[in-house]
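Copied over from Swiss-Prot, here are the features:
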SIGNAL    1-18  signal peptide
DISULFID  C39-C65  disulfide bond
CARBOHYD  N50  N-linked glycosylation site
CARBOHYD  N115  N-linked glycosylation site
CARBOHYD  N124  N-linked glycosylation site
ACT_SITE  D216  active site, proton donor
DISULFID  C218-C235  disulfide bond
CARBOHYD  N236  N-linked glycosylation site
CARBOHYD  N281  N-linked glycosylation site
CARBOHYD  N318  N-linked glycosylation site
DISULFID  C341-C347  disulfide bond
DISULFID  C369-C378  disulfide bond
Amino acid sequence: MPALPILALALAPLLVNGQLSGSVGPLTSAHSKAATKTCNVLDYGAVADNSTDIGSALSEAWDACSDGGLIYIPPGDYAMDTWVSLSGGKATAIILDGTIYRTGTDGGNMILVENSSDFELYSNSSSGAVQGFGYVYHREGDLDGPRILRLQDVSNFAVHDIILVDAPAFHFVMDDCSDGEVYNMAIRGGNSGGLDGIDVWGSNIWVHDVEVTNKDECVTVKGPANNILVESIYCNWSGGCAMGSLGADTDITDILYRNVYTWSSNQMYMIKSNGGSGTVNNTLLENFIGRGNRYSLDVDSYWSSMTAVDGDGVQLSNITFKNWKGTEADGAERGPIKVVCSDTAPCTDITIEDFAMWTESGDEQTYTCESAYGDGFCLEDSDSTTSYTTTQTVTTAPSGYSATTMAADLTTDFGTTASIPIPTIPTSFYPGLTAISPLASAATTA
């Protein structure tokens with residue numbers, strides 16, 4: 001077998017500034033893993049004919065390389081009829097340079113990686129993809145098909161330079177993971193709720209340079225979670241980024257989102273709960289640009305789309321929204337600032353600063369606050385935390401609201417009844433910024 005064009009990676013995990021608590025990423029490089037052992041799925045029965053099931057071959061290759069090695073899926077089209085549970089890996093990498101097409105109909109997760117450490121999944125060509133063909137389910141009104149990718153209890157990991165398309169359910173979930181990095185990804189799903197882009201909970205995880213198209217979560221933090229850094233995110237006709245839904249015993253702290261561009265989505269950022277208990281604190285949401293979104297800054301502690309949970313409410317504190325600009329779809333119907341907190345668990349130490357947004361329809365917009373205390377706009381600055389409700393109506397556009405757009409903004413969604421094309425991964429995910437890390441394809445061809 002010819003030598004693999006493996007991306008040269010640092011031998012040590014990466015340490016970046018921000019809300020992270022330490023280093024992230026694999027402990028050893030793909031080069032060192034390949035030098036230990038290489039397991040090509042073609043040697044285990046895979047055939048790039050878009051017919052033969054790759055599931056068993058991938059499982060066997062994992063078993064052979066899970067104690068240290070690199071699993072290679074060469075360029076070509078592969079059918080996946082049976083799902084894989086890849087468990088117990090130590091110093092293992094998977095290079096996906098081909099395209100996997102869902103043909104099976106089981107629920108669960110097409111690809112589950114669990115109880116593993118020092119793990120990496122990526123494409124040398126930055127074109128490796130999984131096509132879920134979710135529209136086959138969605139056109140029948142079925143949102144209970146499989147997820148594409150789930151990492152569960154995985155530490156010191158990276159997932160990058162791959163494309164996930166049209167999941168029957170969620171696209172990518174990180175469940176109780178730690179010390180990981182996710183970047184240089186394109187996720188493209190159907191125009192329906194329940195088709196989440198990225199959901200993450202765990203500790204010390206960096207998500208950056210990701211584009212998401214769908215109609216539900218773009219990149220969303222769930223609980224429990226701490227020290228999560230999310231930056232350079234392109235929600236391109238999506239549901240938008242969020243936190244939640246939050247329920248009982250919520251424990252989320254040290255979260256930073258920055259450089260998030262949101263176009264034609266449900267919201268720029270939403271913190272959503274209904275009852276429940278626990279806390280969210282020490283969170284910064286800065287450098288947000290929005291255009292054409294239904295909601296902008298949306299904190300809703302009485303979110304009616306979830307069933308109420310027992311408890312006085314999730315306590316939100318020390319949360320800052322900074323440097324937001326752009327336009328919302330209709331500022332009178334859905335104002336750009338909505339901070340509705342629980343009367344029995346008021347929000348405290350909330351800050352809204354450098355916030356300039358204006359309506360695309362009409363000539364007025366509203367700011368609404370309820371039981372929310374802090375500094376800025378309709379927030380009450382008081383030592384008292386008695387319940388209150390206030391709505392401010394503004395008829396003059398704020399200065400500085402105009403913002404740069406992205407050339408790749410979609411002009412329509414992809415619906416739910418037809419196959420969704422596989423996109424390419426962009427090199428910019430926020431106006432004026434290039435990706436923090438170059439695409440793997442650029443590194444391997446340099």
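The backbone N, Cα and C atoms fix where each Cβ goes, glycine too.
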Please name which of the recorded positions listed here, C218, N236, C347, C369, C378, is nearest in space to N281 (N-linked glycosylation site), Cα against Cα.
-> C347
Least surrounded, by Cβ count within 10 Å, of the disulfide-bonded residues C65, C218, C341, C347, C378 is C378
Distance check against C369 (disulfide bond) for the recorded positions D216, C218, C235, C341, keeping those with Cα within 10 Å | C341
Can you check which residues sit near C39 (disulfide bond), meaning Cβ under 8 Å from its Cβ, same chain, 6 or more apart in sequence, and list them in order?
-> A61, W62, A64, C65, G69, L70, I71, Y72
Fill in the CA-CA distance, C378 (disulfide bond) to N115 (N-linked glycosylation site), as an integer in Å.
-> 46
Other CB atoms within 10 A, centred on N50 (N-linked glycosylation site) | 15
Quick one: give me the count of other CB atoms within 10 A of the CB of N124 (N-linked glycosylation site).
-> 22
Within 10 angstroms of the C-beta of N115 (N-linked glycosylation site), the count of other C-beta atoms across all shown chains comes to 14
